[in-house]
Amino acid sequence: MMPFGGIAARLQRDRLRAEGVGEHNNAVKYLNQDYEALKQECIESGTLFRDPQFPAGPTALGFKELGPYSSKTRGVEWKRPSELVDDPQFIVGGATRTDICQGALGDCWLLAAIGSLTLNEELLHRVVPHGQSFQEDYAGIFHFQIWQFGEWVDVVVDDLLPTKDGELLFVHSAECTEFWSALLEKAYAKLNGCYESLSGGSTTEGFEDFTGGVAEMYDLKRAPRNMGHIIRKALERGSLLGCSIDITSAFDMEAVTFKKLVKGHAYSVTAFKDVNYRGQQEQLIRIRNPWGQVEWTGAWSDGSSEWDNIDPSDREELQLKMEDGEFWMSFRDFMREFSRLEICNLTPDALTKDELSRWHTQVFEGTWRRGSTAGGCRNNPATFWINPQFKIKLLEEDDDPGDDEVACSFLVALMQKHRRRERRVGGDMHTIGFAVYEVPEEAQGSQNVHLKKDFFLRNQSRARSETFINLREVSNQIRLPPGEYIVVPSTFEPHKEADFILRVFTEKQSDTAELDEEISADLADEEEITEDDIEDGFKNMFQQLAGEDMEISVFELKTILNRVIARHKDLKTDGFSLDSCRNMVNLMDKDGSARLGLVEFQILWNKIRSWLTIFRQYDLDKSGTMSSYEMRMALESAGFKLNNKLHQVVVARYADAETGVDFDNFVCCLVKLETMFRFFHSMDRDGTGTAVMNLAEWLLLTMCG
């Protein structure tokens, strides 16, 4: 069962986020560590910082390849930079790509992303804050800001680094006195649990965590027809673009093609222009090789004859803006020579130039929980509908003069959270994806609805992720006519648990919201009956059990209910517990005696009989238990509409290990819900949706509930 403390922490986090905590200028203090306060403590006490949250030792290194008994970690010593060199520096002469040399860890994907970051000083210093030094106010403590699943976090580290034979074990700088890159790698390892968790990944993962952007990947051999349009729009938005040529064998790595392009090498795309060439429009693309001096020698390369056949003013403009390592080529040659294109679209807060057009961005958090919201993909029609649902209202079509299609562009990015951290306990990436459906007419304009199984059985998706894949993120750019749509994110298989964020980027303003039920209860007025309305047989049974005082205690109620339920052989039940019976007495007891009289017991019994009818209706396979996936519909039949978060709590509390719900747990859930709703309504007499209570009232409610 989810601990109450976990729920309370989630509520607190939601409130802080609503107040702007997690934005780049107000980053979350990771593990509640305050860099400035910790640094000041160390300065005042004259000590160097040692991080208690990420101690320098075997667990920080890893669990398998870098585990405590691995040959790779034998002889490792943790040392501060001042123990390695005489004059350690944080950054020497500005951050450059030569500051990042790989060590004994397979995290080249991360280092390539850090290297690309050095090309954009403004973005770099969002991640690597100014004012850090091994000289002025040095206290052995540093900090970095990294984007993690929808929010920026400020990560504190000490400067104890793993070494072997007096040299850094992992990333290091070619400038041996410089340590910013090694400390950034340590901060990233801390976020993910240990260094080993960083092994293996995609450069786009690092791009996103250092910018807060969203990545798209294109196979240029199967590119969409409007690939040039996509590149042009991405550059207009200030996106980071990278391209590469696939390697087909180990011998291809860094191999140079006939026209001087390097295989397996990361290039940047920096411009896209149209020129008039011999009376026809020619599309040109500018490429940058950030690591070396090898440049393209084909058409439109430096000094090629094509430049003689365009307007001199165009030639001067295009060639004046060139930097070292940059070259132009035709878009046709680009598509033929290169294999892959990666686009990292920056969110508005990362763009500072006013002339850049911007995505409109919405971020949602969600969870897949076994038994309540982990329905799997469309191949699982019985459970697909229980996945979280998010609505997008596309209001305006794109502004594309050359495009006659009335359509809206938007990008959907689904990212699973914290899976690297799970590697230590055998977890890894789930296979994830999403589908997009048009909202039915009857549900348009409403957020307080969760589309049910029948809708998905009758309707096909309008779009979906290109594939379900076991990467941290899957994203696709989609074009659809203006209208209302829902996005259903899911794992490929049902019952897989994970947290996720869903990001929706639209070119024009749009309305996006989670599609979920409005919490409500259809509570009928209390049943009005008198002793004269009760059958004689029921009275006699009650009198035999209640005795002379004509009231039954919690203990007697347990005996009665379990005796009656035992007669229903079609029900699987462990019987009602004492706590369950206490909750029932709490619901029905009007005089505060903690006992039930004849009329109170009759009303309770009538409720249980009506709930039994509902339970049998949703025990679809007549097994005597109800699937927790049907719990949502059963609760609605009983008058209760709950949102996804509440359903997850209900299933965690009342379902068994196989996600089944037996009759006694079903009744206990309904008793609890009715008690809580009735109490809330009694405290919210004006119907404002808010109840105010003092500490004593709060404790009475929670202790009795």
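Even glycines carry a Cβ here, placed using N, Cα and C.
Worth saying up front: this structure is predicted, and the values here are computed from it rather than measured.
Feature annotations, courtesy of Swiss-Prot:
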ACT_SITE  CYS108  active site
ACT_SITE  HIS265  active site
ACT_SITE  ASN289  active site
BINDING   ASP619, ASP621, SER623, THR625, GLU630  Ca(2+) 3 binding site
DOMAIN    48-347  domain 'Calpain catalytic'
DOMAIN    530-565  domain 'EF-hand 1'
DOMAIN    606-641  domain 'EF-hand 2'
DOMAIN    671-705  domain 'EF-hand 3'
REGION    518-533  region 'Linker'
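For the domain 'EF-hand 2' (606-641), the DSSP counts in helix, strand and coil order read 23 helix, 4 strand, 9 coil. Comparing local CB density within 10 A for the binding-site residues ASP619, ASP621, GLU630, the maximum falls on ASP619.
Reduced to three states, the DSSP call for CYS108 (active site) is helix. Over the domain 'EF-hand 2' (606-641) the predicted model carries a mean pLDDT of 89. Nearest neighbour of ASP621 (Ca(2+) 3 binding site) by Cα distance, taken over the active-site residues CYS108, HIS265, ASN289: CYS108. Distance from the CA of ASN289 (active site) to the CA of ASP619 (Ca(2+) 3 binding site) is 64 Å. Considering other CB atoms within 10 Å as the measure, the emptiest surroundings among the recorded positions ASN289, SER623, THR625 are those of SER623. The Cβ neighbour count for HIS265 (active site), using a 10 Å radius over every protein chain in view, is 19. When the binding-site residues SER623, THR625, GLU630 are ranked by how far their Cα is from the Cα of ASN289 (active site), GLU630 comes first.
In this structure, the C-alpha atom of HIS265 (active site) lies 52 angstrom from that of GLU630 (Ca(2+) 3 binding site). The two recorded residues, CYS108 (active site) and THR625 (Ca(2+) 3 binding site), have Cα atoms 51 Å apart.
HIS265 (active site) falls within neither a helix nor a strand when secondary structure is assigned with DSSP, and so counts as coil.
Cβ atoms within 8 Å of the centroid of the Cβ atoms of ASP619, ASP621, SER623, THR625, GLU630 (the Ca(2+) 3 site) belong to the same-chain residues TYR618, LEU620, LYS622, GLY624, MET626, SER627, GLY660, site residues excluded.
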